[in-house]
Amino acid sequence: MSQLETFYDVMRRQGITRRSFLKYCSLTAAALGLGPTFAPQIAHAMETRPRTPVLWLHGLECTCCSESFIRSAHPLVKDVVLSMISLDYDDTLMAAAGHQAEAALEETMRKYKGEYILAVEGNPPLNEDGMFCIVGGKPFLDQLKHAAKDAKAVIAWGSCASWGCVQAAKPNPTQAVPIHKVITDKPIIKVPGCPPIAEVMTGVITYMLTFGKLPELDRQGRPKMFYGQRIHDKCYRRPHFDAGQFVEHWDDEGARKGYCLYKVGCKGPTSYNACSTVRWNEGTSFPIQAGHGCIGCSEDGFWDKGSFYERLTTIPQFGIEKNADQIGAAVAGGVGAAIAAHAAVTAIKRLQNKGDQA
Amino acid sequence: MALEKSLETGDGQEKVRKQTAVYVYEAPLRLWHWVTALSIVVLGVTGYFIGAPLPTMPGEAMDNYLMGYIRFAHFAAGYVLAIGFVGRVYWAFVGNHHARELFLVPVHRKAWWKELWHEVRWYLFLEKVPKKYIGHNPLGQLAMFCFFVVGAVFMSVTGFALYAEGLGQGSWADRLFGWVIPLFGQSQDVHTWHHLGMWYLIVFVMIHVYLAVREDIVSRQSLISTMVGGWRMFKDDRPD
């Protein structure tokens, strides 16, 4: 087989003019938050770089990441799947099934050893030797380790692969773990969210294919360009927060006026994601814009942090769940009472001593 | 050092009592104490209202900036506390030996443990006569370390980690304290621990103020005036 087609070849073959191609490069540069000087770099990369094969595995998950991905508008997922990447294996999106599908996986792994990108949606359960998730007759754990062995880089799609998400929530009967617990020798890009924003997913892939390297990651392995700030930092309701104007109840005047949702438990101040800038469904809206606080779905262990309507984590003790302020107030009250009692005894003792001396 | 002082008793009969005084707290240390006390009050009040904001402000957003002011006061007081603490550590090196008591608890000394036990018994009303101390009593010293030093360091580290979230990635606070967030799990966990830390320091302040007032009255040495003027006065001349 001759050399794989470049992105540019594929686009030209699809009848896209060079002018449109260059426009596309400029738009991509803008979407990635890069300056206009990057557009020629993107064009050059797309003219010379062969399409990169991507293997997309599905572990314990709900397919919400795939559902989100296929709704990407900028760039259109059609462009990503058909033109930019060569999605050689994705059991929910590919035409092949059964043995044919598994054969495609093996073939890509062999042919592009050390060159392909492994995208993982969902995570592996470790309990009972991984028997809680079977793909192609074998535990998903085995498939994941096998496919990761020769990958160039690994993308962890969604909160499942990145943190564990709902299947790893307490008590986690299947012992589901995020993929970085299993794949320890490859660079992993975490794209958390339940699901992640479609444009963020395609943006990460576009960046990697265009520049042939990983995007800049933060301490926890998330791409800085999309996860560098909290929802709160770019929220359009932020002026109401700074002014001290809050929704106190779901049906009050503040709710109608679109005040800050901080007091009804919005997790925007503790959640790193691009919802308040990129938004959802072609930039139509996002939860806070729809009047509901952020639930922090892109944060580690968000299922186990207590109510979605409280800003403090629930602390379980003796079967009674309280948050930090309730515990603190109770302790401070107790100490106050103890101080009062101690002061009273001190005073009595002192009076007694005075009596003794007299 | 000693100074003579004549005291008048209630019935007019004049008694001369000898009071010994020792210079314990130097001026920078006393200044630090009161600045820190003020900043803790500001931090506690503003911190509480950041966690549980006041009722909604009327009018337009552009006419109000309440949360902005509260948060500014919190961050400013946080800087004062942290920088003051760094200065206090410096003073432990260059100040007199009492300045080191806050940080160095002599747990290796057997006599210290014995006096600690005596002090516990004194607070439980099992000892009739308290001992005299020039610096901290052992129980006070241990409590100052466990509550104040540990508490202030914990609150500064978690506080600046949260502050770094606002300053953004790559900021000085992020480079110095950004590692705290993944250590606790995520931002919300750090917030929760920072709240618990607030209550820890509130409990410390309650006990600290109560015992300072109580000891000032019933013990054999001055406490509150010592932190104002620096001199420790003893109320009697008996040894120990």
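Just so you know, glycine gets a Cβ as well, placed from its N, Cα and C.
Binding site for [4Fe-4S] cluster 1 per TrEMBL: A:Cys62, A:Cys65, A:Cys160, plus A:Cys194 from the candidate set A:Cys25, A:Cys194. Of the candidate binding-site residues, A:Cys65, A:Cys160, A:Cys194, A:Cys260, A:Cys266, the one lying closest to A:Cys294 ([3Fe-4S] cluster binding site) when CA atoms are compared is A:Cys266. Under 8 Å, Cβ to Cβ, and six or more positions away along its own chain, A:Cys260 ([4Fe-4S] cluster 2 binding site) finds A:Cys235, A:Arg237, A:Arg238, A:His240, A:Phe241, A:Gln245, A:Phe246, A:Val247, A:Cys266. A 10 Å radius around the C-alpha of A:Cys297 ([3Fe-4S] cluster binding site) takes in none of the binding-site residues listed as A:Cys62, A:Cys65, A:His232. Its Cβ placed at the centre, A:His232 ([4Fe-4S] cluster 2 binding site) has 24 other Cβ atoms within 10 Å.
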